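Student: Shown below is the structure under consideration.
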Amino acid sequence: MEESEPERKRARTDEVPAGGSRSEAEDEDDEDYVPYVPLRQRRQLLLQKLLQRRRKGAAEEEQQDSGSEPRGDEDDIPLGPQSNVSLLDQHQHLKEKAEARKESAKEKQLKEEEKILESVAEGRALMSVKEMAKGITYDDPIKTSWTPPRYVLSMSEERHERVRKKYHILVEGDGIPPPIKSFKEMKFPAAILRGLKKKGIHHPTPIQIQGIPTILSGRDMIGIAFTGSGKTLVFTLPVIMFCLEQEKRLPFSKREGPYGLIICPSRELARQTHGILEYYCRLLQEDSSPLLRCALCIGGMSVKEQMETIRHGVHMMVATPGRLMDLLQKKMVSLDICRYLALDEADRMIDMGFEGDIRTIFSYFKGQRQTLLFSATMPKKIQNFAKSALVKPVTINVGRAGAASLDVIQEVEYVKEEAKMVYLLECLQKTPPPVLIFAEKKADVDAIHEYLLLKGVEAVAIHGGKDQEERTKAIEAFREGKKDVLVATDVASKGLDFPAIQHVINYDMPEEIENYVHRIGRTGRSGNTGIATTFINKACDESVLMDLKALLLEAKQKVPPVLQVLHCGDESMLDIGGERGCAFCGGLGHRITDCPKLEAMQTKQVSNIGRKDYLAHSSMDF
């Protein structure tokens, strides 16, 4: 039997020689010992290191491009079956990386939106040309003689905050006047208090609790509250008080005035506001107060009639921008002593292209004025722009700007285009009259009106194509209950108050969600409940339907199946940067990057390039 070859051993051994102990030198050698690694394995390790460095460098470059900060070494956890990391840790690591990537996408979206807002924002402030040319700026608001009751002033700021919280009033600004919970504490005369009771108004609404003391204190203000919340009284009652004070100090002479000016986007809204002012002025006169005159200056009316009031000296004026500009340019009206300006439905006026007219009107003021802006829908873009005209403004918001009234039950139904007219008759049976029907086009208004008359329904119609006398008669007949149905375009959707209306029907979905909010706001007013029925079909723009879906969800209303199937991608992106939805139009179903209204505006601007009329005004176009 052959002797087996002795087993080869390494030079180092852990065994201690028998009968002796290891020396200190040998122990030191053991500590310095480095195990032998084969060449092949060393090459693989070197290659892995180089690959890791390359990946790390590429990741850092990518992070620098996206604007995010480079992450530390703790993120470079090797993944896969060869790593010494558990599957649970690997999963957590991947989840964190995905969330970080999502955060950077949101930051990128916000930066892009800021750039878009800057590009669409008006460069010039909403001030007169004269004020901008001379560099005139006002640092302090107008001072008034009104002060809150002493016991209200002695109350703590914590109490005021509790009141605001109770009534869901959001305020922004410095030195905000305290909220006051009764008209008597606001120091209104007994005649006005009796007039309010006659109208069934016993307590102020949330916008009135904070808004009226703010205006009586002389502060500039932006007032945002849902439709039917009593915004009109917020700016009409204070102007009556200011004019009464001026008349008592020094009576108005012939051709003097106005002291207070209220501008409205439509003739019907201006007429309604004028009626409210006349009602309270008449009550004051009956109570032995001086006569306060109020002029109505709107298109479609005789200028001679309007000038008759102005000649005697006028305290207040309610006007539409076009007619007011015409009277100012012809020097029939002077704003030399005007110190109070209220813009009702301000965002709609700026949006509808009246911004140039308003700027021109501002140039006729001779001194500082108290400026007030009111609306139910006021996107961030309009708010930022409007603030340029105000001095230390107070922003009062009751509910989200652009939110639908919670007193309106919204019903959305899918109806084919050809079936709309027949189904309209069915919808009219839901509630007793009066009923308001809205349509986008004038031709549709006329067609619906004709169809209802043929079916024996007592109906009237108004739109921009009808003359002023016909429009006025139609609204008066409907308001007095002589007619059961009013068919209208959006001319009747802004601010008009028909207290008895229980039902609004949208024959078609408006192109902008703001118009929808104004339309349905004609019902469910002053704490009453109303119904709004809206017809939708394939012809509706998907972006507006997404906004409608978001609005229904916000108001906790039933969402029909046809809207439930609509999705806008990553819905978490709709609520970033502290503001939900679009900053340009106020729609909740999209961001400004996908705003159809902005896109339409930009397309229009591009199409108008190169279309300037180079002919002189007096020349003939051959």
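Just so you know, glycine gets a Cβ as well, placed from its N, Cα and C.
The region 'Disordered' feature in Swiss-Prot is assigned to 1-39, 52-84. Swiss-Prot lists 1-15 with the feature compositional bias 'Basic and acidic residues'. Under the heading phosphoserine, Swiss-Prot lists SER4, SER21, SER23, citing a large-scale study or a structure entry as support. The feature ubiquitin cross-link is assigned by Swiss-Prot to LYS9, LYS115. The motif 'Q motif' annotation in Swiss-Prot covers 181-209. Per Swiss-Prot, the feature ATP binding site maps to ALA225, PHE226, THR227, GLY228, SER229, GLY230, LYS231, THR232. Swiss-Prot lists 407-567 with the feature domain 'Helicase C-terminal'. Per Swiss-Prot, SUMO2 cross-link is recorded for LYS416, LYS442. Among the features that Swiss-Prot reports, zinc finger is placed at 580-597.
How about a rundown of where these features are and what they're close to?
Tutor: Mean pLDDT for the motif 'Q motif' (181-209) in this predicted model: 93.
There are 20 other Cβ atoms within 10 Å of the Cβ belonging to THR232 (ATP binding site).
Residue density at LYS416 (SUMO2 cross-link): 11 other Cβ atoms are found within 10 A of its Cβ, drawing on all protein chains shown.
Around LYS442 (SUMO2 cross-link), a 10 Å sphere centred on its CB holds 15 further CB atoms from the protein chains shown. In this structure, LYS442 (SUMO2 cross-link) is part of a helix by DSSP.
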Student: Within 10 angstroms of the C-beta of GLY230 (ATP binding site), what count of other C-beta atoms is obtained when all protein chains are considered?
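Tutor: By my count, 20.
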Student: GLY228 (ATP binding site) has how many other Cβ neighbours within 10 Å of its own Cβ?
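Tutor: There are 22 such Cβ atoms around GLY228 (ATP binding site).
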Student: Work out how many Å separate GLY230 (ATP binding site) and LYS416 (SUMO2 cross-link) at their Cα atoms, rounded off.
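Tutor: That comes out at 37 Å between the alpha carbons.
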Student: Let's see if you can do this one: DSSP helix, strand and coil counts over the motif 'Q motif' (181-209), in that order.
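Tutor: Split into helix, strand and coil, the motif 'Q motif' (181-209) gives 13 helix, 0 strand, 16 coil.
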Student: Could you tell me the C-alpha distance between LYS442 (SUMO2 cross-link) and LYS416 (SUMO2 cross-link) in angstrom, no decimals?
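Tutor: It is 20 Å, counting Cα to Cα.
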Student: Taking only same-chain residues 6+ apart in sequence, whose CB is under 8 Å from that of LYS231 (ATP binding site), what do you get?
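Tutor: The list for LYS231 (ATP binding site) reads ILE207, GLY211, GLY223, ALA225, ASP344, PHE374, ALA376, given in order along the sequence.
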Student: I need the CA-to-CA distance for SER229 (ATP binding site) versus LYS416 (SUMO2 cross-link), whole Å please.
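Tutor: Cα of SER229 (ATP binding site) to Cα of LYS416 (SUMO2 cross-link) measures 35 Å after rounding.
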